[in-house]
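What TrEMBL says about this protein:
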REGION    1-22  region 'Disordered'
DOMAIN    10-427  domain 'Enolpyruvate transferase'
BINDING   Lys25, Gly97, Arg125, Gln172, Arg348, Arg392  phosphoenolpyruvate binding site
BINDING   Lys25, Ser26, Arg30, Ser170, Gln172, Asp317, Lys344  3-phosphoshikimate binding site
ACT_SITE  Asp317  active site, proton acceptor
Amino acid sequence: MKSSMDKEVQPASVLRGSPSLPADKSISHRSVIFASLHQGHSTITNFSTAADPHSTICCMRSLGVNIQEKDHSIKVEGVGRDGLKSPDEDLDCGNSGTTMRLLSGIIAGAGTTAQLIGDKSLSSRTMQRIIDPLTDMGAQIDARDGDFAPLHIQRNGKLQPLHFPLPIPSAQLKSCVLLAGLFGDDPTTVIETLPSRDHTERLLQLDIQEQKDKKIIHSSRADNIPAQSYRIPNDFSAASFWLVAGAVHPEAKISMKAVGMNPTRNAALEILKNMNAEITVSDRRKEGAEPVADITVSSSQLQPVDITKEMVPNCIDEIPILAVAMLFADGTSKITGAEELRHKETDRLAALSDILKKAGASFMEFEDGIEIHGNPDFTPQQGSFSSEHDHRIAMSAAVLSLMGEQPSQISNAACTDISYPNFWDDLQLLTNW
Ligand code: S3P
């Protein structure tokens, strides 16, 4: 049955235009947190208006930081590392794992006391990965069943520095430990063997040693926390939905401006190019510490590709939409080493399989990935696709639906507000020809 929360997506005869794109979500979170820790003012332009970064703004306000929002800009009166207060209320992280994991590091490091809560999805995601290192640093963390939010965090003794080889390639975990380390007299060291997104290191200008097979990152109280006054790039992860839509659709040309080009984020661009996607990248430039460029994609004849464990961290959020691209490739593609997808806003491998099954695709799901038998003539059966309240699943299902012959329904479609509030308007804009 169709509910008012569902969205109907019509097949598209043409896809053409320039979507508005939201600002980068990962950088938005970090910019407001780091601006709060800076002693002084920051003005951040093109700040994301999506729900997740807004959760971070609200939490930073509860920690005593004055933040003004106007249109797509925010002004932050940074209180410095020692100016944060213990909040009177719970810190509501909403649906945002980045908010919960990064702020846990800040609270443990600063020695404030706070309880962090989240929505149903966030409350079912493991927090063990941050609880272990923060406990080793001296935090006392009470978590539901020892693993899940609500997390009550306080610290009684002195902050202990940590030497931390990352057990999984997670930027949230890396950032959590480095942020706690910023409050320590002695340096905390994080050792990374598979590179994950590096916005934290870039924006905080942390001390890094690059070695042949690893990256060693230090943080301590000696690090100056710079003001965060820059323009945030548009979100590559949001752009990836249109990159795939443009590549798989037979009548498409889509252009996007000032898209984030951080190499630790945009492996999907290289993967699509390896699939033979017609993508041009122009006017490479920098916005603050981050590279950006303009990108155009047009209808392509896609070849199959494999995504392996080493590639996964740099395209982790794009895997659901890359799987959609694989459906239209001329042969079999395989994704392996992507078990982390089971720990996202929903189990994204299971959610994806459910959609592919309804669409009539030929595929096989594994514990750590999926194999997809593509076909350039594939026409998805129309269906009632379940978003599982997960923004990236909803948007992937919407792009797939554009390729059908009949309208499809996407359940709980408003969940796209988590990262891309204008998604449905942009879809309308591109298909209205
Ligand atoms: C993020 C890191 C990734 C990513 C998430 C945002 C970040 O999560 O999936 O959407 O901003 O640091 P993990 O660190 O759990 O891989």
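Think of each number as a place in line: the chain as shown, counted from 1.
Note: Cβ is positioned from N, Cα and C throughout, glycine not excepted.
All annotation found in TrEMBL is predicted automatically rather than curated by experts.
Taking the features listed in TrEMBL, we show where each one sits on the structure.
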residue : record                           : Cβ contacts under 8 Å, 6 or more apart
Lys25   : phosphoenolpyruvate binding site : Ser48, Ala50, Asp52, Pro53, Thr98, Asp235, Ser237, Ser419
Ser26   : 3-phosphoshikimate binding site  : Thr98, Ala171, Arg197, His199, Arg265
Arg30   : 3-phosphoshikimate binding site  : Leu102, Ser175, His199, Thr200, Leu203
Gly97   : phosphoenolpyruvate binding site : Leu122, Arg125, Gln172, Lys344, Glu345
Asp317  : 3-phosphoshikimate binding site  : Ser237, Ser240, Arg392
Arg348  : phosphoenolpyruvate binding site : Ile319, Pro320, Leu341, Arg342, Asp390, Arg392, Ile393
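Long-range neighbours of Ser170 (3-phosphoshikimate binding site) (same chain, six or more residues apart, CB within less than 8 Å of its CB): Arg129, Ser196, Pro313, Glu340. Averaged over the domain 'Enolpyruvate transferase' (10-427), the predicted model reaches a pLDDT of 97. Counting other C-beta atoms within 10 Å of each candidate's C-beta, the binding-site residues Arg125, Arg392 are led by Arg392. In this entry, 3-phosphoshikimate is bound by Lys25, Ser26, Arg30, Ser170, Gln172, Asp317, Lys344, whose most widely separated C-alpha atoms sit 19 angstrom apart.
Applying DSSP to the region 'Disordered' (1-22) sorts its residues as follows: 0 helix, 6 strand, 16 coil.
The binding-site residues near ligand 1, defined by a Cβ under 6 Å from one of its atoms, are Ser26, Ser170, Gln172, Asp317, chosen from Lys25, Ser26, Ser170, Gln172, Asp317, Arg392.
Of all Cβ atoms in the protein chains displayed, 23 besides its own lie within 10 Å of the Cβ of Gln172 (phosphoenolpyruvate binding site). Lys344 (3-phosphoshikimate binding site) has a Cβ environment of 20 other Cβ atoms inside 10 Å. In the three-state DSSP assignment, the secondary structure recorded for Ser170 (3-phosphoshikimate binding site) is coil.
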